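**Q** I have a structure I would like to understand better, so I am pasting it below and will then ask my questions one at a time.
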Amino acid sequence: MRYAHHVDQVRTAEAALMAALPEGALMQRAAAGLAATCAGLLPRVYGSRVLVLAGSGDNGGDALYAAARLARRGAHAEALLLDPAKAHAEGLAALRAAGGRVTDDAGAFGRADLVLDGIVGIGGRGPLRPAAAPFAAMARRGPVVAVDVPSGVDPDTGEVTGPALRADVTVCFGTHKPGLLVDPGAGYAGVVHLVKIGLDLPPAPVEALQGADVAALLPVPGTESDKYRRGVVGVAAGSTRYPGAALLAVAGALRGGAGAVRYTGHAAEEVVRRHPETLISDAGPARAGRVQAWVVGPGGGDGAEHALREALDTEVPVLADADALTELARLGPDLLAGRPAPTLLTPHAGEAARLLAGVGEHTDAETVAARRLWAARLIAARYGATVLLKGSTTVVADPEGTVRVNATGTGWLGTAGSGDVLSGLAGSLLATGLTPLDAASAAAHLHGLAGRHAAGPGAPITALDIADALRPAWQSLTG
Ligand SMILES: NC(=O)C1=CN([C@@H]2O[C@H](COP(=O)(O)OP(=O)(O)OC[C@H]3O[C@@H](n4cnc5c(N)ncnc54)[C@H](OP(=O)(O)O)[C@@H]3O)[C@@H](O)[C@H]2O)[C@@H](O)CC1
Ligand SMILES: Nc1ncnc2c1ncn2[C@@H]1O[C@H](COP(=O)(O)OP(=O)(O)O)[C@@H](O)[C@H]1O
Ligand SMILES: [K+]
């Protein structure tokens, strides 16, 4: 598991640790880890040109001390001080003592073999200020290593509201920050290395499941298992206009661990032709027969409201997607109130904007994509449901405030019908007995791996390719 903490939690833990350590010890731990990562990125340290962009806080201090360590190993280290009067005095003295020097030539950025972004860390707020902003767009020769956080990225949210430094590698201290794991910030962070510095931290508000965590969640049939005991997932999807969504949701559901898939809707013939193992019900969710979870909405068209109401009237978990979300946004969160079982909502950014409008928060898809944590948390709180917000970083938030992020995906997943496969998959995991939080985060992880597997070194994929790749993705976790 990767854990990410908010800035105020880091500050509290840092204060407690600093009180127990000699002055400056914590910064030296940070700088040592930072310098070691930088050394690993350079073909050789001796003779390399290292440039520090140094702001006036401790983030600049870390960068200056790390550059001093590299200078002691023979690097030509230079520091560009964004506010010379306020530069970190001890860090600067260490750099000078190691043979480094100060420069005011901005061209050094483009010539450097490695740039250290020590402009701002967890003390930064808002976009880069004018003195630093030009570096966001400047050509570079060597890698940019962000110290703790890429400057210009909000550490708590990953929001980027103006120019920000795009790093190849981010070396963060003590714990991950949410902004390193959630787009758009994650896209600026590059590869993230964590340097442990001994902080004693509270429970993390944001976490990211790793392969082993997901493997531990996936259902495994026992000797007593049969298709019913493994769980049956109901899929109410597709319409005469959109039969394909039904095929795709069933394709995902068949590969999600449930023992059987029960389908109801207007695309029964097509579904059985493509997936002969599907159980077909003529009635809607209310009388379709026993299931342990319902998936409702993909390609649902005009029938989506009816199917949603019937599914919500059952006593099993319900996953609402696509057209069912549009209906839910129109009808409002009261529709979910008092359900005896949990509800999982799987919006993309546009559907999330509709759900937010349904509770009086008028916004658009771009804003949702730019403020993913905010959007997912708000929908979860206001609808009292678990939310899986799709996109380049998938964010899963439950109404109790737990947030998980998933980054196994690839841009190739942005293909028509991809979300239908995901909803079938997540519903199937729900039917096996996973909580909505676990089902959603495991499904997002598997779906992302399947997309990568299907795309290979890089090629367009179809939604059915993703469904087909779910088995190797699953095996890659459990093998
Ligand atoms: N916590 C830990 O456990 C450890 C923390 N450590 C390190 O300390 C770092 C935090 O240091 P910090 O508190 O000094 O704040 P920091 O990030 O340097 O920024 C403050 C300065 O930035 C400026 N500034 C603000 N916004 C700006 C903007 N948009 N654009 C430009 N400038 C902006 C602001 O200017 P002012 O408003 O004062 O004019 C102020 O001068 C942390 O990230 C980590 O690297 C490690 O050494 C050890 C363990
Ligand atoms: N840039 C991206 N990086 C990673 N995953 C992506 C990206 N774009 C889309 N996806 C994933 O692809 C799927 C698209 O789902 P959705 O938008 O509902 O498509 P559709 O409605 O066509 O099925 C989601 O799982 C989403 O997370
Ligand atoms: K930084």
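Just so it is clear, glycine is given a Cβ too, placed from its N, Cα and C backbone atoms.
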**Q** Which candidate from Ser151, Ser225 does TrEMBL annotate alongside Asn59, Asp117 at the K(+) binding site?
**A** Ser151
**Q** If TrEMBL says Lys390, Gly391, Ser392, Thr393, Thr394 bind AMP, which of Gly360, Gly401, Gly417, Gly419 does it name for the same site?
**A** Gly419
**Q** Among Lys390, Gly391, Thr393, the binding-site residues in the record, which have a C-beta under 6 A from ligand 1?
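**A** Once distances to ligand 1 are taken from each Cβ, none falls under 6 Å.
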**Q** Could you give the Cα-Cα distance between Gly61 ((6S)-NADPHX binding site) and Lys390 (AMP binding site), in whole Å?
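**A** About 38 Å separates the two Cα atoms.
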**Q** Which one, from the binding-site residues Arg125, His348, Lys390, has the smallest tally of other C-beta atoms lying within 10 Å of its C-beta?
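**A** Taking Arg125, His348, Lys390 as the binding-site residues, the minimal 10 Å Cβ count falls on Arg125.
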**Q** Which binding-site residues from the list Arg125, Ser151, His348, Gly391, Ser392 come close to ligand 3, meaning a Cβ under 6 Å from one of its atoms?
**A** Ser151
**Q** So which of Asp117, His348, Gly391, Ser392, Thr394, listed as binding-site residues, have a Cβ under 6 Å from an atom of ligand 2?
**A** His348, Gly391, Ser392, Thr394
